[in-house]
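As given in TrEMBL:
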type	residues	note
DOMAIN	20-450	domain 'Major facilitator superfamily (MFS) profile'
REGION	452-477	region 'Disordered'
TRANSMEM	19-45	transmembrane segment
TRANSMEM	61-81	transmembrane segment
TRANSMEM	88-106	transmembrane segment
TRANSMEM	112-139	transmembrane segment
TRANSMEM	177-196	transmembrane segment
TRANSMEM	265-286	transmembrane segment
TRANSMEM	298-318	transmembrane segment
TRANSMEM	330-350	transmembrane segment
TRANSMEM	356-378	transmembrane segment
TRANSMEM	390-409	transmembrane segment
TRANSMEM	421-444	transmembrane segment
Amino acid sequence: MAQGGVAARGAAKAQDRGWAWMVLLAAVLLQALTLGFPSCIGVFFTDLQHEFQATNSETSWFPSIMVAVLHAGGPLCTILVKRFGCRVAVMLGGLLSSVGMVSSSFCNSLSQLYLTAGLITGLGSCFSFQAGVTALGYYFMRWRTLANAMASTGVSLGFTLWPLLSQYLLDEMGWRNTFLIFGGILLNCCVCGAIMRPVQLASGSLLQLPRPEEEPGRKAEVAQLSNGASSHLKLQQQTRKIACFQVLQKYLAFDIFSQNKGYQIYTIGVSWMMMGFVLPHVYLVPYAVQNGVEERRAALLISIIGFINIFIRPLTGLLSGQKVFTGRRIYLFSLAVLLCGLSNFICVISAEFNMLIFYCVILSIAMSGIGALTFQVLMDVVEMDRFSSALGLFTILESITLLIGPPLTGLLVDITSDFRYVFYTSSFFLISAALFMALSFCALENKNKLKDTSKVPPDKSAIYNEKPNEPQSESQSALAVVHITSI
C-alpha cells in the first residue's frame, strides 16, 4: 500500500507539466494524421468512381470501411496499450497506416482498396489515435479538458491541410502516386509515438503492469474452481470461461454499459449520431462539383471547415472547462450536435459557392463543439481507470453506424440522382440524436434528484450514473497510469 502511494505521488509529478506538453504536441500531430486523414477522401471520390466504373454506393464503402475500422479497432488498441504501452501501439499504428496507403497505390479494383486503404490504414490510424488519446488522459489531470480540446485541434489541422494537399498532388501526379506519398507522410505517427515515453517516478524507476497471473481476484477464482472441480479437464474449461469473461469485461466494458445509465445513453446517442455526422464529409465535394463548382474550390470547402476549427476548438475547451459546466457538458455536446444537424438545411437551400462557404462556417462551429467534447464527456461519464475499456466498446458500437451510413445514403443518391438527400438524411440523424441525449440525461438527472431529496445534494459529476462513483484509493490511482508506463 505504501509503495502504491509512492507510485501514485511520483506519477502525479509527471502530470500537467514538463514532458506532458510534448505528449500534447504529439497528440495534436497524431490527430491531424489519423482523424484528419479521411477528410481528403472526398477529393478522390470522382476519380476513383471513374477509374473503377463504380456507383456512389460502391465507392463510398472505401471511406466507410476506413472510418469504421478507425473506431472499431478500439478493443484491439486497448489490449496493445495495456500489454505494451502507448508508445508501441502508436508506432505500430503508424507502420500499418503507411503500409496500407503504399499498397493502395497498386490496387486494381475497389475490393482491393477496401482491404488496403480501408482495413489496414484504418486499423493503423485507430492504434495511433486511440493510444494517443489514452496517454493524454493520464499525462494530464488538472488541465485535462484544455488538453483534450487542444489535441482535437489536430483534427482541424488535418481537415485544413489534407484536402488542399490531396487536390494539389492529384492534379500533379494522379491518385496512385498521391497514395504512395501519403504512405510516407503517415510514417510520422511513429515519431509521435516515440515521444510518448514512460512516466518516470521520483526514484527513477518505471511503473509496471501487474502480470496476468497476479491480477486481483484471478488467483482466488482459480483456487475456488480447483477446490470444487471433479477433474483437471473440468478445471481447464471453467478457467477458460472465466478468462474469456474477464477479457470481455476488461476490454469491452459490458459491465459499465449495463450498470451506468449515463454511459448507456451517451453511447447509443453518439452511435446514432454517427449515421449522419460523417455524410457531409464524404459527399460535400461531389455535391459541389455536381452543381458546377470547380474541383479546387470544392476541395477548399473542407479546408475552410478545418481552418475555423483550429480557433474554435480551444475556445470550446476553455468554455466547457469552467466549473459551471461540471456535470453539464453533455448539454453543450447535444447543442453542438443539434446545430450541426440544422446547418445542413443551408446546404440544401442553395449550392452556390458563397452559400456553401456560409454552410461550412456554421458546420465548423458545430463540429468544434462535438470534437472538443466527445471524449471529455466520456471521461465525465466513466471513471478514468476504466476509460480505455469504455472507449473500446464506445468506438465499436459507433463504428457499425459509421460503416453503413455512407453506403446506404449513396444507394439513395444512386436511386434518386439527387445529392440533397445526403443532407436531409444527415439532419435527421443528428437532430434526433441531440434531442435523445439531452432529454434522456435531463430525465436521469431529475430521477437522481428525486432519490436524494432527503439527502445532501450529490456532486454534479455523479449525475450520469445511478450510483455515485466511489473515490479511488492511492493504489488505484497508481494503476491508472499503467497504460502509458508499461514499457
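All residue numbers here begin at 1 and follow the chain in the order shown.
The backbone N, Cα and C atoms fix where each Cβ goes, glycine too.
Owing to the predicted nature of the structure, the values given are computational and were not obtained by experimental measurement.
When Cβ-Cβ distances below 8 Å are used as the criterion, the transmembrane segment (88-106) is approached by residues 30, 33-34, 77, 80-81, 113, 116-117, 119-132, 135, 176-177, 179-180, 182-184, 186-194, 196, 487 of the same chain, each at least six residues removed from its ends.
Counting residues 6+ beyond its ends, the transmembrane segment (356-378) has Cβ neighbours under 8 Å at 133, 144-145, 148-149, 152, 155-156, 263, 266, 270, 277, 280, 284, 288, 293, 301-302, 304-309, 312-317, 320, 329-330, 332-333, 335-337, 339-340, 343-344, 346-347, 387, 390-391, 394 in the same chain.
Counted over residue pairs separated by six or more positions, the transmembrane segment (265-286) shares at least 3 Cβ pairs under 8 angstroms with the transmembrane segment (421-444), which defines the two as touching. The transmembrane segment (19-45) and the transmembrane segment (298-318) are in contact, since at least 3 Cβ pairs between them lie under 8 Å (pairs 6 or more apart in sequence). Contact check: the transmembrane segment (330-350) against the transmembrane segment (421-444) gives at least three Cβ pairs closer than 8 Å, residues 6 or more apart, which meets the contact criterion. Averaged across the domain 'Major facilitator superfamily (MFS) profile' (20-450), pLDDT for the predicted model comes to 82.
Taking residue pairs at least 6 apart in sequence, the transmembrane segment (177-196) and the transmembrane segment (390-409) share fewer than three C-beta contacts under 8 angstroms.
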